Amino acid sequence: HNKNTTYDVPPTFPTFNAALGTLVNKNNDTQIPTITSTTSTTPVNPIVIQMPYPYSHSPSNTFIHPTSIHPISSPTTNHELPSVTEFFLNLDQKYNCNNVYSKFENAFLEEEITVNAIKDLTDEQMVKLGIVKIGWQKNIRQAAQRY
């Protein structure tokens, strides 16, 4: 079936180019237009697959300005970045604590650590900030993963 096809040697049989709607013979680059039958009265809807930016296809004669393309947001960055104060207040509310997490706010503000940088802090850095209990460290890192 492969007929000695490799990455360097293309197949000898024709393949279909969906972008052009033609059959393409890879060996001599000839294109054979496909013929669609009009015997059916049912309208044919094309199948559209939206590809992310680096893989999107645009016709060669069309220029898409880079600023008109909106990147697809990552699922880990769907949440708006809260302030350090809001972040620790939310943790106190989530775990029904009375100022357990909010007491770390000043240390984070003094070191100018934003919420999205918390997940990258080492254990040693957490201890330096006053977060000595492993459970507190885990809860803070887990909550910071959302940002």
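First residue shown is number 1, and so on along the chain.
Any Cβ shown, glycine's included, is placed from N, Cα and C.
Keep in mind that TrEMBL annotations are predicted by a computer and have not been checked by a curator.
Record features (TrEMBL):
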type: DOMAIN; residues: 102-146; note: domain 'SAM'
Going by DSSP assignments with H, G and I as helix and E and B as strand, what are the residue counts for the domain 'SAM' (102-146)? 32 helix, 0 strand, 13 coil
Across the domain 'SAM' (102-146), average pLDDT on the 0 to 100 scale: 96
